[in-house]
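Asker: Quick one: the structure is below, and I'll ask about it shortly.
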Amino acid sequence: MTALVLRGVRPYGEGDPVDVRIEDGLVAAIEPGLDAGDAEVVEAHGQVLLPGFVDLHTHLREPGREDTETIATGSAAAALGGYTAVFAMANTDPVADNAVVVEHVWRRGREVGLVDVHPVGAVTVGLRGEKLAELGTMAAAGVRVFSDDGHCVHDPLLMRRALEYSTALDAVVAQHAEEPRLTVGAQAHEGERAARLGLAGWPAVAEESIVARDCLLARQTGARLHVCHVSTAGTAEILRWAKGQGIEVSAEVTPHHLLLDDDRLAGYDPVNKVNPPLRTAADTKVLRDALAEGVVDCVATDHAPHAAQDKDCEWSAARPGMLGLQTALPVVVATMVEPGLLDWRGVARVLSERPAEIAGLPGHGRPIAVGEPATLTLVDPAARWTVRGAELASIAANTPYEGMELPGRVVTTLLRGRITAHEGMVRERE
Ligand SMILES: NC(=O)N[C@@H](CC(=O)O)C(=O)O
Ligand SMILES: [Zn+2]
Ligand SMILES: [Zn+2]
């Protein structure tokens, strides 16, 4: 592998610009005015150098819906978005509830080689919520995160067992918190706007009641619980309480729940339909503060590609979910960095370090230092760009940010010393 020199970068956006030399996949030197010799030089003056991003929540749709995303196209979107590792949710067809499907995802991810693709294993067989899947055999195949995402493990006995097993497997259970009895037919956040538009409501308490219950189950079992896509102020309040009690719970918020609110419902455009639904502006404010404070640990995209025919239809028939991998960093800049809630160290924490810790990934979210893996992301903090769904690497184009100008652009992504994306183009392995 040829050596690389990143010229004029600012690690964590701090201090004077330095050069970073990368050799054999590792950071070999960090100092100003390095002699590049025969190394490939990346001119990156003024760019912010961060550890590569880790997404705990991605839907790659392979196997089953390769018309909307594949492991290859999703990996490209991830690399272009600054990600070096993603966790592929289990709600594929067939479901990743066994070692065979899980191993397929591992293998395809490695073949593509743009990002480390870690399969998430289902908690229950077929995501049906009736019987535990074989967590042990999936753990033996390397799975460390289990989730029925798309569905809630709502049976408290099953959830308790899953948490108990997960402790022995050194795994974490990631819950899609939605009490199904409270969301029958739900279409949008239960509140004034949904009522006015005649859309059946998805109440905040459907999420909060499950989060509260699961925190108590985590305490009782001593297990590690992770809460997916936190969307309400009430959930933040419960997390604050649970963490104060020493309960081992972590949580993620999506970029869209930080930026968008149910004002978006007015146009009836199903691109804004997502689960959990966009909440109120007051919720987004509380979620931003909770992320800044660490009550919510990290940002996860919940990247959810859907085919045009599943989105360009009437609201009630449309599938929930939106693209997220290539717009996550800009949305975090707009909602957290520009308002002064997070500095670039904080961005490294919520997009890389904490998610890597939660999933137990040793080679990601590492400090930027000599001898560490060169798994890194370069961001141009001054760039602004206009989002166009058709230009994103995903097969699907369901971005809620169409036509919006967002701040901050990922310029280069490196995975163990190899450039995987640079100036909007992915670089395949040679
Ligand atoms: N978020 C969504 O609205 N949809 C996800 C499922 C999920 O994350 O619950 C999907 O798989 O499309
Ligand atoms: Zn979910
Ligand atoms: Zn999801």
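Keep in mind that glycine also has a Cβ here, set from the backbone N, Cα and C atoms.
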Asker: Of the candidates His104, His306, which one does TrEMBL list alongside His59, Leu60, Arg61, Asn91, Asn275, Pro320, Gly321 as binding substrate?
Answerer: His306
Asker: Look at the Zn(2+) 2 binding annotation in TrEMBL, where Asp149, His229 are given, and name the residue from His118, His176 listed for that site too.
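Answerer: The one candidate that TrEMBL places in that Zn(2+) 2 site: His176.
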Asker: TrEMBL has His57, His59, Asp149 down as binding Zn(2+) 1; which of Asp297, Asp302, Asp310, Asp312 does it also list for that site?
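Answerer: According to TrEMBL, the candidate sharing the Zn(2+) 1 site with His57, His59, Asp149 is Asp302.
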Asker: I'd like to confirm something. Which of the recorded positions, Leu60, Asn91, Asp149, Asp302, His306, has a Cα closest to the Cα of His176 (Zn(2+) 2 binding site)?
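Answerer: Nearest listed residue in space: Asp149.
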Asker: What binding-site residues among His59, Arg61, Asn91, His176, Gly321 have a C-beta sitting less than 6 Å from any atom of ligand 2?
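Answerer: Going through His59, Arg61, Asn91, His176, Gly321 in sequence order, those close to ligand 2 turn out to be His176.
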Asker: Within 10 Å of Gly321 (substrate binding site) by C-alpha distance: pick out those among the recorded positions His57, Asp149, His229, Asp302, and say none if nothing qualifies.
Answerer: Asp302
Asker: Going by C-alpha distance, which of the recorded positions Asp149, His229, Asp302 is nearest to Asn91 (substrate binding site)?
Answerer: Asp149
Asker: Take the mean position of the Cβ atoms of His57, His59, Asp149, Asp302, the recorded Zn(2+) 1 site. Which other residues of that chain put their Cβ within 8 Å of it?
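Answerer: Residues close to the Zn(2+) 1 site, other than His57, His59, Asp149, Asp302: Thr58, Met89, Gly150, Cys228, His229, Ala300, Thr301, His303, Ala304.
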Asker: Where's the emptiest Cβ shell within 10 Å among the binding-site residues His57, His59, Arg61, His229?
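Answerer: Relative to the other binding-site residues in His57, His59, Arg61, His229, His229 has the fewest Cβ atoms within 10 Å.
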